[in-house]
Amino acid sequence: MAQAPQNPASSRAAMQMQLAEKFKSYKHVWVFVEIERGKVHPVSWELMGEGRKLADDLGVDLCGVVLGPRDEGTKQAIKEAYHYGADVCYICEDPLLADYRNEPYTRAMTDLVNKYQPEILLLGATPLGRDLAGSVATTLQTGLTADSTELKIADDKSLAATRPTFGGTLLCTIHTLNHRPQMATVRPRVMAMPEPDTSRSGRMVWHSLRMKEDDIVTKVLEFVSDAQVEKANLAYADIVVAGGMGLQQPQNLALVQRLAAVLGAEWGVSRPLVQKGWAPAERQIGQTGNTIRPKLYIAAGISGAIQHRVGVEGADLIIAINTDPEAKIFEFAHLGVVADALTVLPALTDAFARRLSARAMAS
Amino acid sequence: MSEKLHEPDFPAAEAIDAPEEPVETRTGLNIVVCIKQVPDSAQIRVHPVTNTIMRQGVPTIINPYDLFALEEAMRLRDDYGGTVTVLTMGPPMAEDALRRALGLGADKAVLITDRRFAGSDTLATSFALTSALTKLAEEAPIDIVFTGKQTIDGDTAQVGPGIARRMGLNQLTYVSAIDSLETEAATITVRRRSEGGVQVLQSKLPCLITMLEDTNHLRRGTLQDMLRAARAPLTVWSADDAGIEDPMKCGLRGSPTVVKRVFAPQPRAEKAEMVAVEGKTPAQIGDAILDVLFAKSPKLEADVSAKITA
């Protein structure tokens, strides 16, 4: 690329891997199994599915890192880690790991990495995963690629992590050539959830934390559960209906909600609607909001800016409704309707209701 | 900067055992807010042939997430006294962002700028900022470092934790509210956003807080602040001024990540199948969509009806 003064990084694109001797023993792919309040975050299993492919490409083991208190939740997480593809689990069970706190988690993770030396370490780009990944990478002085959307093993066997940059306008592929482990975070719903194989199990490696409560400055006084867990529902919904600027008026959001209600779907909005204050931030779909991966996504009056596209591309089927036949959304939708969302939404709602009730009566 | 990371002990332990500053010498809080000047992402265009960002004419703004950190810092200063210093790393023109922060009510501003910082990834960025913070702390110990949750151009959310780690600060990310602060006991209680709920955390100063968005309302600067901002002298440091002894830890050379390829997303090979709408009533359009949809994906019809009946 002939833009060296603008982007000095481009001159490094041709850089070759020259791994220091101390890193040559680093081997295997690790996935951090994120447990919060006794439950594994689904992103961990999505990563396990992706990690399995990387490990197979490299011909190495896939390992889960399970940190938590000694309880049923942790036990279950270990069991499931094998079901989702792990060959080995590195386990640190300690009451100090009951609630997530940066200090003991960073300690456990960095100690494990230093001792067992993985070449790749993957974490979910969740509040917990990002808090931990930044500390671990800095402590280990290694490279960390945030919010990757694609992971591949390159010809030189290094990890090629592709991520959107500048708000999704461009994609860039990043390598950590000369440091180990190569770390990356991936947002929930970007990778497909693998099918668990309940017949699988594997080896366990136990590790002790060697910390006392007095060593940890930060205390958890309380955990206030969310009354509504809307955000999680949107990311994991099977059907999502969303509206954009084509709705014209805030009250027309009701058309989106009505269709969603008929379909038992979740509803969302594009970023401009959140910026206008028409809908709360947890309803936002796209690069800076929720990444969704539904079976069906209906986008009404959404132009389909790249920031939106990267959040919905994982959908099995996208229906786009927009008055502008040149709208970007038709470049990645599967089914397009050039019409006003305000008339199509109610019509579609009726059509679904009629069709589905007819089907229900017939069966 | 003292390189704490290579010491055999766990770095955070130092912060725990470090002797506390005598309380009586404190005159309020010494707060530093790390900000970043970013291109206004809504106006970024990509060159269709070369696939490079066209920066010309794209206005720059303070990273919007950083403004929540700045406001929270100024609130603490207003309540407890002390100073708010804004710190940024960037090209000389990043001065604009600092002046804007001064106009909003920050007390002091520091720019670290050096060609050697160019191409920094998050690890090299946290190194440079930590060097400047360490230098600032020589004047007066820092109580709290604030950053935004993440930037809108890089979106990594890694620099805050990187600084905390390097400086041995207690790390409090995704903070939605500061419940209480006891300056004498140096304790702080915050609410931290986590999956499915909020953690109420009690920690100690000095700490690093990354502030969640929409948690406060940014004030308008006073006329006095704005007048001051235009003329106030800024502290401008080179890498040497910031006390950086090892240039190998800066910029590209200090960045373990290598950007190998930059490209624009490819359009899908197969274009959307368009549903004919010409001359149809809305009801007919609705039916036409379903016909095409269920023809395209027969399984979907079963899935959808299963959802309704369930």
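From the backbone N, Cα and C atoms, a Cβ is placed for every residue, glycine too.
Annotated FAD binding site per TrEMBL: A:270-271, A:284-288, A:301-308, A:N322, in sequence order. If you look up TrEMBL, you'll see A:29-220 marked as domain 'Electron transfer flavoprotein alpha/beta-subunit N-terminal'.
The binding-site residues examined here are A:G286, A:G304; by Cβ neighbour count within 10 Å, the least packed of them is A:G304.
A distance below 8 A between C-beta atoms marks A:T288, A:I306 as the binding-site residues from A:Q284, A:T288, A:I302, A:I306 lying next to chain B. Each of the binding-site residues A:S270, A:Q284, A:T288 was scored by the other Cβ atoms within 10 Å of its Cβ; the lowest score goes to A:T288. For the binding-site residues A:I302, A:I306, counting C-beta atoms within 10 A of each C-beta gives the highest total at A:I302.
Across the domain 'Electron transfer flavoprotein alpha/beta-subunit N-terminal' (A:29-220), the model assigns an average pLDDT of 96. Cβ contacts within 10 Å of A:H308 (FAD binding site), excluding its own Cβ and spanning all protein chains shown: 26.
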